[in-house]
Each structure stands twice: as C-alpha cells, then as structure tokens.
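Beneath this line is the structure, given in structure tokens, with notes to follow.
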Amino acid sequence: MGGSKMSNDYEIDVEAGMSSLSIVNTPIEAPIVSSYNDRIRPLLDTVDRLRNLNVMREGIQLPTIVVVGDQSSGKSSVLESLAGINLPRGQGICTRVPLVMRLQRSSSPEPEIWLEYSDKVVPTDEEHVAEAICAATDVIAGTGEGVSDTPLTLSVKKNNVPDLTMVDLPGITRVPVNGQPENIYEQISRMIMKYIEPQESIILNVLSATVDFTTCESIRMSRQVDKTGERTLAVVTKADMAPEGLLQKVTADDVSIGLGYICVRNRIGEETYEEARVQEDLLFRTHPLLSLIDGDIVGIL
C-alpha cells in the first residue's frame, strides 16, 4: 500500500502504521487509564491517523475497545466514572444501541458534549446528557425496550477525562421483561459478537465481584472469540460489596483474562465523582482483605 499523503501535506506511512496494530500480550501492570495510556493509547493514536486516511474503505479492520457485560454488572458506573457524566439508568436495558464514547481531554474549563446520530449533531451538557442519550436512542431504536445495532456517538471534551474511545454495548439479559422482545437475548448476542469477533477488537469485560465469573454470559461470549484471553481486559466492579475471595478470584484467573484484572468500587448514591475516587482509594488501602490486592490493579483512575 505504501505511504499515503493527505491534502494538507500531513504524511503517514500506512504500512508502518498497520505494523504497529498488534495487541501486546503481556500482563496488565496498572489501573485502567494508566494501562490505556501506556499500552493501548499509542496503538489507537495510530488508528486515528489511519482513519483519517480512510483506510477502512479498503477493507482493513482497525482496533476498537468494546465494552461488554451482563446486565447489572456495573458497566454504566465504570463508563460514568471515566467520562465524569451521568448515563441513562433504570430498570431493564439502559444501553439499547452501540454507544460510541469519544473522550478527549481539554484545557478549557467548560466541558463540550454532543451527540451524533441520524446525520445530525446535537449539543448537550452535563445536566441533560442522560436525557439526550435516551431521546437519541428512541429515535434510533424506537420507543420501548427494543435494541438496534445502529450506533450513537457521544463526544465529551473535559479537562479531567482520559483521551479514550470505546464502544459500549447493551448489557446481556436472558429473560425478556417489561415489554422487551422475546428474542432480546439473541438480538444482543448478535450485536456483541459482531463487535468482538474481529481480531482487532480489544474486549473490556465488566464483571461484578458479587458473582461467579465462570457463570457470566459476557465471559462465555468473549471466550468464544478470544479463547486465550490475549485481547480481553476485565474490570471487576462492586469490590466493596464482595471483598471475600476477590483476591483469589483475580489471582486464579479461572476465566483466562489475558490482559489482566482491574478492581474498582462503584460510585454510591449522591457522591460526586471526585468523592467516589477518594473513597475508592481509601477502601483499597485500608480494607483488611482488599488492601491485599496489588495496588497496580485497583482503581478506575
């Protein structure tokens, strides 16, 4: 394919760029954002440059961080903590379409937040972003509890977020409730497999500390496409709710998480994101059981 040149004289060697798009198969050595900055971000920076060259039009798959988890695994809490904004909450499926979250660190004191869907850009703000996501989802997937594989893009520019792009997928549920389609499990499964099957996808599997990891449907799906776990990273939520045996769970690694585990405490009640992080740090430093977990694999930030 050789080098390619943009009209603004910005030059990238596409072959060299593609050669760097390999998943590093070594143990994870830092919490989620540090791990991202050290190992995944350089890869995705290359991806962004290649996207600017429209290489996907040539049929080349580019890496994506795909967030999966069973319903009620705490997936929304993890994403909220990373973005510092509220996402839709409630009973049933909160995420009904693929939500492409683009976080960008900004020096401006005022955050910029907008949605992109149906060929339009819709500005919003921190107070109304959850409502805006719900409204956009209704446009894409219809009102009710159905799902759609048409993506919705959420862009967030703030001074306290990591530079990070992820695709959040609906939580996995086996039993339809509250008017959900009878085949809701099959619909969500197809959507998830579509995103995690490509070898270029990095799977961020959100697991609740309160359950047996081997019974998680998200683990079963990710192991179908990544048997050795070489491109799977696990975030273990609700560590404060089930501290007994958590160290053994992440040490034994019965479910083959090749990129390692990160244990976190979910935000509780009316805590601000800053307060939640302080309490998380205190928990993992002082709890008689959780303090035994390596400090390099605890904490969302």
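Cβ coordinates come from backbone N, Cα and C, glycine included.
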Inset, instruction - From the ranges 117-120, 217-220, 237-240, 265-268, grab the one Swiss-Prot calls region 'G4 motif'. - result: 237-240
Inset, instruction - Please report the DSSP secondary structure of S72 (GTP binding site), reduced to three states. - result: coil
Inset, instruction - By DSSP assignment, list the helix, strand and coil residue numbers for the region 'G3 motif' (168-171), in that order. - result: 0 helix, 1 strand, 3 coil
Legend entry - the region 'G4 motif' (237-240): DSSP-derived helix, strand, coil residue counts: 2 helix, 1 strand, 1 coil
Legend entry - Local Cβ density at I172 (GTP binding site) - other Cβ atoms counted within 10 Å: 22
Inset, instruction - Ten-angstrom check, please: count other Cβ atoms within 10 Å of the Cβ of G69 (GTP binding site), all chains counted. - result: 29
